[in-house]
Amino acid sequence: MNPLAQPIIYPTIFTGTLITALSSHWFFAWLGLEMNMLAFIPVLTKKTSPRSTEAAIKYFLTQATASMILLMAILYNNMLSGQWTTTNTTNPYSSLMIVTALAMKLGMAPFHFWVPEVTQGVPLTSGLLLLTWQKLAPISIMYQMSSSVDTNILLTLSILSILVGGWGGLNQTQLRKILAYSSITHMGWMMAVLPYNPDITILNLIIYIILTTTAFLILDLNSSVTILMLTRTWNKLTWLMPLIPSTLLSLGGLPPLTGFLPKWAIIEEFAKNGNLITPTIMAIITLLNLYFYVRLIYATSITLLPMSNNAKMKWQFENTKPTPLLPTLTILTTLLLPISPLILSIS
């Protein structure tokens, strides 16, 4: 990507997300999504290669299809009700089409196929933006129309996303694909609680962004994209070794780490509404995610693979990239659970 284009592209992405998040008019919400999508495509092709070009095309085709479905649903809803406000979506068919379009944009199952492939084909920084920032605009629309969404449809999509996210990540060796499937699982948890308490969805989104950003910063600092490359962290960046297990376990939702907080809040919210079967199923399926994270920790931090003498610990370490955010994010990734009563009272 041309460096001269960056001062235009990144503000456009930010502006598009902001327009969608702050708009209560369907046309401006759709316009913000389009600005965001078109400006994000050059970010995916930041490092020109056939793989990144393929990823950008897949992203564009999926997002364009979702945008067409969304626009058709908006026009259909306006034809029936005469309203353009995002909170007034009472027709079940238009609501179903809107949820389908936004699920495609979020990468929820069964519209998830593009997420692992696009994440795998782009650099780590672009993958981080894809799995974090690009979720904000669609979730903001879902938040505004949470009272008019069919609960059964959302729960079906959520359980399916959690299942696909856990099942799909089991046989992966590429770290970007593992984080992509983890993102699908987290989207399932967020959307499951949306009809009951949208504020917990926002809390889950914030914690998810913190955890995913920490994981991507560690991988970028270590220049690791596969499990094998991550196993060599001990002889390059020894000080990074304690951070890897804590971050991965928190992503898997293991107590008493921060990643358990949103799951705890969601299960509690379901229990308040008299629904115990759904969170039980979701929690059991999420063990698949925890399993492949524990397996990843076992390969990187507990076992030491046979290596030649050239791979022994270096007497002089390489200069590392400056990471001013990593210490703060690591603390937030591991130590937020003790103050969870305060966080839940605010939300």
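Every residue, even glycine, has its Cβ placed from backbone N, Cα and C.
Quantities reported herein were computed from a predicted structural model and do not represent experimental measurements.
Over in Swiss-Prot, the protein carries these features:
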- 13-33: transmembrane segment (TRANSMEM)
- 55-75: transmembrane segment (TRANSMEM)
- 96-116: transmembrane segment (TRANSMEM)
- 122-142: transmembrane segment (TRANSMEM)
- 151-171: transmembrane segment (TRANSMEM)
- 178-198: transmembrane segment (TRANSMEM)
- 199-219: transmembrane segment (TRANSMEM)
- 237-257: transmembrane segment (TRANSMEM)
- 274-294: transmembrane segment (TRANSMEM)
- 326-346: transmembrane segment (TRANSMEM)
Discussion item. Same chain only, please: residues at least 6 beyond the ends of the transmembrane segment (151-171) with a C-beta under 8 Å from a C-beta of the stretch. Say none if there are none.
Written reply: 96, 99, 103, 108-110, 112, 116, 177-178, 181-189, 191-192, 194-195, 278, 281-282, 285-289, 291-292
Worksheet item: Short question: which residues 6 or more past the ends of the transmembrane segment (274-294) have a Cβ under 8 Å from it?
Response: 155, 158-159, 162-163, 165-167, 169-170, 172, 178, 181-182, 185, 188-189, 192, 248-249, 251-254, 263, 266-267
